[in-house]
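Step one of this worksheet: look at the structure below.
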Amino acid sequence: MPEIGKLLPALLVAGTMGSGSAFAQAQAPTPLAPTPTTAVPASSPAPSPDQANDPELARGAYIATAADCVACHTASGGKPFAGGLKIATPMGDVVSTNITPDPEHGIGKYSEKDFEQAVRHGIRRDGSNLFPVMPYVSYAGMTDQDVQALYAWFMHKVEPVPVSPPEDATTLPAAMRSAMMAWNYVTTMEKPETGDSGTYDPVRRGRYLTSALEHCGTCHTPRNFMLSEKQDRFLSGASLTGWYAPNVTSSKTSGIGSWSEDDIVTYLRTGRLDGHAQAAGPMAEAVEHSLSHLTDSDLHAIATYLLQVPVMEDDLDVKPRDSFGKPQEVADIRHDVPKRIDDLTEMDGAGIYDANCAACHGHDGAGTRNHYAPSLFNNTTVGSARPDNLIMTILKGVDRTTKDGHALMPGFGATSDVERLTDTEIASLVNYLTATFGSGDHHVTAQQVADFRNAK
Ligand code: HEC
Ligand code: HEC
Ligand code: HEC
C-alpha cells in the first residue's frame, strides 16, 4: 500500500504544525478535535427525548442528545442534522455531512449495518474511511442496542433535508481518506460495551456516558505523536484550537478532585459553578446541546465516574485553579502606580479593566451579587497557569443558553462594526487580571493574543 506510506507522514507533519513555535504550550492546536468554527445557533433544537413515545425511539432520541450529533452536523442557521458545518483541523477543514434520512443528500439509503459501520468504525456506505473528526473512536464503545435505537430514531424522527453541503467545502484531499485506514490500526478505539446500557450501575453508566457517548476525551485528553488520544493521560487536559480543555481528573491540585459530586453535576447541567468555574466556547456548546438535557441520574453517574478517574498531575497547574485571588479594588492598584512607574503595562491593564469589565464584574472583581457576572477571583479561567481560556473569553465572550437562563458576555475581539480591544490592550488586561486575581503575571504579549485571535 504505497499510497498510505506517502500520505501518513504527510498527515503527521500536518498534525504537528505549530508545535515548534515559542508559544506552543498555549497555542498548539489539537488535531482532529472538534472546534466548530461556527457556533450552532441556540435555536437549532436539540432532539428532545419526549418527542417519541415508542421506547426504542425515545432511547434513540436520548442517545442522539447524549452523543451530541447535532453539534457537528448542523451549520450555523441551518436545519438540524443537514450538515455543512466547517470544522477546522490542522490538516485542513472538514465539512460535516447531511445525516437526515433524505435518500439522495443524506443517509436515507443507509441500512442499519451501514449506519453501524459509520458510527462505530468510521466507514462510509461507499466503503471509504471517514476522517476521525467524526468521533467514531469514542462511539465504538456504544452498545448494539443503543446503535439500533439511534438508527431507528434518525430514520423515523429526523426530518429529511434535500440539500448537500457545498462540495468544494472540503479542503482535505480526498486521497487522505485511505491513510485513515492505517491510522485506525494504531489508534485505540473504545471497547464496545454490551447488554442494556440503561441497567448499568452508576460507575459503569458514568464511564459509558463519558467515554463512548459524550466523548469528553476528544477534547480533554492529550494526543500522542500519531494524533491518537493518550490513554494513559485520560482527561488530563489538552489544547483545542484556541481554547484549552483543562485537566478534569480527580487530582485535588491539577484537576477537579476537590469538587463534590453535586458541584460537578451543577457545572455540567448549567455550565457554571458559582465561585469556581463557568463554561464558554466548546464546553458551553457541550452543555447547551447535550449535557443540560441529560437526566439527573446520568449527570450523577458522570460525576461519580469522574471522581474516580485516575489522578493526573499537571506540569503547570500545580495549585487548584479556583483557589486564587481575593477582592481587590481597581483604585488600590491605581494608587500603586507611582511606585511602579517602570511598569506601565500593569497600570494600563487596570484602566482597561475599569473601562470595559468593571461595570459587570465589579471594581473589586467580585462580580454581580446574584453571580450573573461571575467573580474573577476563585475563577478557574483566571487562576489557570495557562492564559488560553482567559484570552479566548475576552475575544469571543460567553453565549450559553440552558433551562437555567442565558449567560451572555460580549466578546471584545474585533468585529467590523464595533470598536473593540486591540491585541496590546488585551495582553495588558490579561497580565493585570492574572497578577491581581490569579496565579501571577503571565507576561502575555500582543503577538500571543494575535495568534489566539487568528486561531481557527
Ligand atoms: C465532533 C463532530 C461530530 C460529531 C459529534 C458527530 N459527527 Fe458524524 N461526522 C462528522 C464529520 C466531520 C463527518 C464527515 C467526515 C468525513 O468527511 O470524513 C461525519 C460523518 C458522519 C456520517 C457519514 C455520512 C456520510 O455518508 O457521509 C454519519 C452516518 C455520521 N457522521 C453520523 C453521526 C451520528 C449518528 C452522530 C452522533 C452519534 C455523529 N455523527 C456525531 C462530525 C461529527
Ligand atoms: C468540544 C470540546 C469539549 C468537550 C466534548 C467536553 N469539554 Fe469540558 N471543557 C472544554 C473546554 C474548552 C473547557 C474550558 C471552558 C472554559 O473555561 O470556559 C472545559 C471545561 C470543563 C470543566 C471545568 C474545568 C475548570 O477547571 O473550569 C469540566 C468539569 C469539564 N469541562 C468536564 C467535561 C466533561 C465531564 C465532559 C464530557 C461529559 C466534557 N467536559 C466535554 C471542552 C470540552
Ligand atoms: C455585560 C456584562 C459583562 C461585561 C462588560 C464583561 N463580562 Fe465577563 N462575564 C459576564 C457574564 C454574564 C459571564 C458568564 C457567566 C456564566 O458563564 O454564567 C462572564 C464571564 C467571564 C469570565 C469567565 C469565563 C469562563 O469561561 O470561565 C471571565 C474570565 C470574564 N467574564 C472576564 C471579563 C473581562 C476581562 C471583561 C472585560 C474585557 C468582561 N468579562 C466583561 C458578563 C460581562
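Cβ from N, Cα, C; glycine included.
Taking TrEMBL as the reference, the stretch among 25-55, 242-272 described by the feature region 'Disordered' is residues 25-55. His220 (heme c 2 binding site) and Cys360 (heme c 3 binding site) are 30 Å apart (CA-CA, integer value). Sitting within 8 Å of the Cβ centre of Cys69, Cys72, His73, and not among those site residues for heme c 1, are the Cβ atoms of Asp68, Val70, Ala71, Thr74, Phe81, Gly83, Leu85, Ser96, Ile99. Shown are the binding-site residues Cys69, Cys72; the one with the most C-beta atoms within 10 angstroms of its own C-beta is Cys69. In sequence order, Gly367, Ala373, Pro374, Ser375, Leu376 constitute the residues six or more apart from His361 (heme c 3 binding site) in its chain with CB-CB distances below 8 Å.
Between the C-alpha atoms of His220 (heme c 2 binding site) and Cys72 (heme c 1 binding site), the distance comes to 17 Å.
The two recorded residues, Cys219 (heme c 2 binding site) and Cys72 (heme c 1 binding site), show a Cα separation of 14 Å. Residue density at His73 (heme c 1 binding site): 24 other Cβ atoms are found within 10 A of its Cβ, drawing on all protein chains shown.
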